[in-house]
Amino acid sequence: MAIAPPYRIALNGYGRIGRCVLRALYERGGSAGLSVVALNDLADMASVEYLTRFDSTHGRFPGEVSVSDGCLHIDGDCVQVLRQATPEGVDWRALGIDLVLECSGAYHSRSDAQRFIDAGAPRVLFSQPMASEADIDATIVYGVNQSSLSGSEKLVSNASCTTNCGVPLLKLLHESVGLEYVSITTIHSAMNDQPVLDAYHHEDLRRTRSAFNSVIPVSTGLARGIERLLPELTGRIQAKAVRVPTLNVSCLDITLQTSRDTNAQEINRVLREAAESGPLKGLLAYTELPHASCDFNHDPHSAIVDGSQTRVSGPRLVNLLAWFDNEWGFANRMLDVAEHFLRVAEPNTRKD
Ligand SMILES: NC(=O)c1ccc[n+]([C@@H]2O[C@H](COP(=O)([O-])OP(=O)(O)OC[C@H]3O[C@@H](n4cnc5c(N)ncnc54)[C@H](OP(=O)(O)O)[C@@H]3O)[C@@H](O)[C@H]2O)c1
């Protein structure tokens, strides 16, 4: 199960996304051509081993996991485990890595991001949208704009799980029926930035509330995130989000005003055909089966359109439902973007 390591990557932050990235790499059997050589988190070795082996959401790790000599051993591979709170605390150059996958979510500005480069990391892929476009060299939604990478970028964002779900659908529909206005509600599973029981949160009063007792409206940057990828829709998108008491899997409830008359059959045909062939095959899926969210746990797609829920009111008001595994789908896109990023990276910036 171990993969050949043409590209050496490190994970900074080994929480939900960091662990899913590592596991997805092994479950893909090396197809990504990436090798995790180090991970950095604040956690101790015993916890790193335990939470790699056992996962309440995705089940047991499907390979051999142990720790010794400062390494997390996975199927015989050594992933060096570091415990540094700052990018400067890690000697990225000595690790000989090609790319850091930043999965702590603790860095949002260009000056924050640059700290990794100054500390010797050749390039960084972030697991969240940065504060503004000026804070990053490129924001990539795989399947939509990865070919825009020139190879000279050092700091790239993998956008958000919701952007990865919504952008491919909106692009397809804008190119087919045209979009005048878009309104999106994200219905998102609980995350580790919410408490189990009521507790203080320094930014958001609603995030003080127990994750498992309420449907909780939270702020979202989804509209601005989509506009970064689809600037032709700037000023025409609004979004809101609620967290719901499930462990994983989320959906977008998308309302669209189209530029011309359409119907549910046409909308579903456009989305189904894109799922079946073309550049979004394997990233977008289509179903009309009577699913519930847990059916999509561990699903690697960025979006699964539920055609049974498509509604058209009058000739131009469309409502859609698209599922996504907010952890597993996104972790798989981190690997896709990482591999593409490294494949096109300028050779003279590659560490050998
Ligand atoms: N979960 C999702 O569905 C999802 C989907 C897409 C994108 N994302 C994004 O991915 C990022 C991580 O989210 P997550 O859900 O994986 O969060 P998480 O489960 O809280 O994981 C973050 C991990 O990073 C560690 N950490 C915190 N500060 C660190 C530092 N300075 N250096 C190294 N490690 C540090 C945390 O340790 P402590 O717990 O000790 O603080 C924790 O283990 C966020 O930006 C989030 O928006 C999440």
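The backbone N, Cα and C atoms fix where each Cβ goes, and this holds for glycine too.
Annotations in TrEMBL come from automatic prediction, not curation.
Record features, source TrEMBL:
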ACT_SITE  Cys161  active site, nucleophile
BINDING   Arg16, Ile17, Asp41, Ser127, Asn326  NAD(+) binding site
DOMAIN    7-161  domain 'Glyceraldehyde 3-phosphate dehydrogenase NAD(P) binding'
SITE      His188  site 'Activates thiol group during catalysis'
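For Ser127 (NAD(+) binding site), the same-chain residues 6+ apart in sequence whose C-beta sits under 8 angstroms from its C-beta are Gly13, Ile17, Leu101, Glu102, Cys103, Gly105, Asn158, Phe330, Met334. Note: the Cα of the residue listed as 'active site, nucleophile' and the Cα of Asn326 (NAD(+) binding site) are spaced 5 Å from each other. Of all Cβ atoms in the shown protein chains, 27 besides its own fall within 10 Å of the Cβ of Cys161 (active site, nucleophile).
Less than 8 angstroms from the CB of His188 (site 'Activates thiol group during catalysis') sit Thr162, Val218, Ala241, Val242, Arg243, Val244, Ser250, Asn326, each of them six or more residues away in the same chain.
According to its DSSP assignment, His188 (site 'Activates thiol group during catalysis') is in a strand. Taking the binding-site residues Ile17, Asp41 in turn, the residue surrounded by the fewest other Cβ atoms inside 10 Å of its Cβ turns out to be Asp41. Within the same chain, residues at least six positions away from Arg16 (NAD(+) binding site) with a Cβ under 8 Å of its Cβ are Met191, Asn192, Glu327. Pairwise Cα distances among Arg16, Ile17, Asp41, Ser127, Asn326, which the record gives as the binders of NAD(+), peak at 21 Å.
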